[in-house]
Amino acid sequence: MADHRRDLRVAIAGLGSIGTKIAAELDRGIDGLLLSAIAAREPDKRRAFLSSLRQPPVILPIEQLAEVADIVVECAPSHLLRTIVEPVVRRGKAAVVVSVGALLDNSDLIDLAKAHGGRIIVPTGALIGLDAVNAAAVGTIHSVRMVTRKPIDGLKGAPFIVQNGIDIDNLREPLRLFAGTAREAAKGFPANLNVAVALSLAGIGPDRTMVEIWADPTVTRNVHRIEVEADSARFSMGIENVPSENPKTGMITALSVIALLRKQRATLSVGT
Ligand SMILES: NC(=O)C1=CN([C@@H]2O[C@H](COP(=O)(O)OP(=O)(O)OC[C@H]3O[C@@H](n4cnc5c(N)ncnc54)[C@H](O)[C@@H]3O)[C@@H](O)[C@H]2O)C=CC1
Ligand SMILES: O=C([O-])CC(=O)C(=O)O
């Protein structure tokens with residue numbers, strides 16, 4: 001009989017604001033899971049952190065993580081999504097993807113996963129309520145709208161701002177930077193609007209999910225407000241994320257991945 005209780009081996013691709021927290025939590029211990037490997041851009045610079053772990057994992061290049069893991073958590077810059085996820089799904093394993101915006105330009109990875117029995121799992125991340133959006137999508141969703149407000153530091157360097165020569169450094173009041181679809185938002189703000197893409201994939205897709213983005217010098221948190229109109233329910237959701245050491249990334253993102261990992265072997269699992 002197969003041993004269903006063997007620990008699931010988890011590897012982490014990218015030791016930044018998200019990956020470091022997940023690695024530390026796995027090392028502290030999550031039932032049924034084992035931190036097997038890590039990929040870091042400059043492992044030598046992460047020696048102090050790595051040697052603080054009770055059971056130091058092996059260090060591997062991102063494309064080799066799937067060789068020693070059942071689940072690979074992608075938490076690296078979005079341009080590396082394909083390099084990380086392709087070998088995972090080719091081996092029929094599971095990739096947890098946080099740079100979800102990059103999935104739109106690499107959607108063939110979903111077909112590849114299907115062909116090889118692999119899985120791509122998108123956590124709720126910095127957002128809220130994707131369980132309700134999933135449920136409403138079983139029926140008919142008429143519209144999904146999201147308004148994001150971020151402090152200036154959370155938006156600096158976004159391609160949309162650079163390409164349009166918009167000066168956000170000297171703003172005194174909120175400025176609406178963008179209104180359009182989640183697909184366009186992900187192109188213009190790849191490190192800021194993963195949440196819009198996650199919302200769209202849970203609901204009515206990146207071309208029907210409408211997004212506004214505001215640069216707001218009056219807020220200190222990444223604020224997302226969402227309105228969903230469906231045949232089963234109408235709901236509004238809001239979340240105000242405390243930025244992590246990376247001002248573009250809410251602290252809750254790493255916690256969301258940890259909660260998702262805990263569910264992989266939980267006896268009682270709550271929420272869809
Ligand atoms: N789905 C969601 O709700 C959210 C997703 N994100 C996305 O998650 C991703 C990670 O975010 P953070 O951890 O805040 O970014 P970060 O910039 O703090 O960390 C990324 C890490 O990847 C490492 N890295 C770069 N090249 C590498 C390579 N070749 N091999 C191994 N490691 C490499 C970097 O050195 C860095 O430590 C980003 O794409 C971000 O946009 C962020 C917030 C919310
Ligand atoms: O989705 C993202 O990339 C990050 C974000 O909005 C947040 O942390 O609130």
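Glycine is no exception: its Cβ is also placed from the backbone N, Cα and C atoms.
What TrEMBL lists as active site is HIS224. DSSP gives HIS224 (active site) a strand state. Within the same chain, residues at least 6 positions away in sequence whose Cβ sits under 8 Å from that of HIS224 (active site) are ALA126, LEU127, ILE128, MET146, VAL147, THR148, VAL195, MET237, GLY238, ILE239, ASN241.
Spatially close to ASN194 (NAD(+) binding site) yet at least six residues away along the chain are SER78, VAL98, SER99, VAL100, GLY101, GLY125, ALA126, ALA186, judged by Cβ distances under 8 angstroms. Marked as NAD(+) binding site by TrEMBL: ALA126, ASN194.
Annotation comment: TrEMBL describes 14-123 as domain 'Aspartate/homoserine dehydrogenase NAD-binding'. The residues of the domain 'Aspartate/homoserine dehydrogenase NAD-binding' (14-123), classed with DSSP into helix (H, G, I), strand (E, B) and coil, number 58 helix, 20 strand, 32 coil.
The annotation domain 'Aspartate dehydrogenase' is assigned in TrEMBL to 172-258.
Note on the domain 'Aspartate dehydrogenase' (172-258): DSSP counts are 23 helix, 33 strand, 31 coil.
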